[in-house]
Amino acid sequence: MPERLQVYKCEVCGNIVEVLNGGIGELVCCNQDMKLMSENTVDAAKEKHVPVIEKIDGGYKVKVGAVAHPMEEKHYIQWIELLADDKCYTQFLKPGQAPEAVFLIEAAKVVAREYCNIHGHWKAEN
């Protein structure tokens, strides 16, 4: 059963869906159940995927990886998301852009999530 803020992917066409309101049904695309994307938190590949959260004046800066993640046509971060105080903030990225986002919000505790088009869904908490 899908739950709020879970991320699902279609293994056939690549559609990605974030659940806004969980229900009792299954998520289906291209006549197949969509796959729940697990949130990875440990990166064995030299820490290029785990979000790094930095408190800045007036908000938070999220960088993808302790070592900057590639942002090439075939391998890049599609989006960075910040969850805070029951709100969700998303910055969509394109190849060539820096793998980072600034969110000008005040919150004591935040969760950063990002999605790599090849290596999937990653998460970190402050």
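Yeah, the Cβs are placed from backbone N, Cα and C, and that goes for glycine too.
As recorded in Swiss-Prot:
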- Cys10, Cys13, Cys29, Cys30: Fe cation 1 binding site (BINDING)
- His49, His69, His75, Cys116, His119: Fe cation 2 binding site (BINDING)
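Apart from the site residues Cys10, Cys13, Cys29, Cys30, the chain places the Cβ of Glu11, Val12, Gly14, Asn15, Gln32, Met34 no farther than 8 Å from the centroid of the site's Cβ atoms, the recorded Fe cation 1 location. Among the listed binding-site residues, namely Cys13, Cys29, Cys30, the Cβ with the most fellow Cβ atoms inside 10 Å is that of Cys29.
Sorted by the number of other CB atoms within 10 A, the binding-site residues Cys10, Cys116 start with Cys10, the lowest. Separating the Cα atoms of Cys13 (Fe cation 1 binding site) and Cys116 (Fe cation 2 binding site) is a whole-number distance of 16 Å. His49 (Fe cation 2 binding site) is surrounded by 28 other CB atoms, counting those within 10 A of its CB over all protein chains shown. There are 25 other Cβ atoms within 10 Å of the Cβ belonging to His69 (Fe cation 2 binding site). In terms of C-alpha distance, the listed binding-site residues His49, His69, His75, Cys116 place Cys116 closest to Cys29 (Fe cation 1 binding site). In this structure, the C-alpha atom of Cys30 (Fe cation 1 binding site) lies 22 angstrom from that of Cys116 (Fe cation 2 binding site). The Fe cation 2 site, placed at the center of the C-beta atoms of His49, His69, His75, Cys116, His119, has further neighbours from the same chain whose C-beta lies within 8 angstroms: Lys48, Val64, Gly65, Pro70, Tyr76, Ile77, Asn117, Ile118, Trp122.
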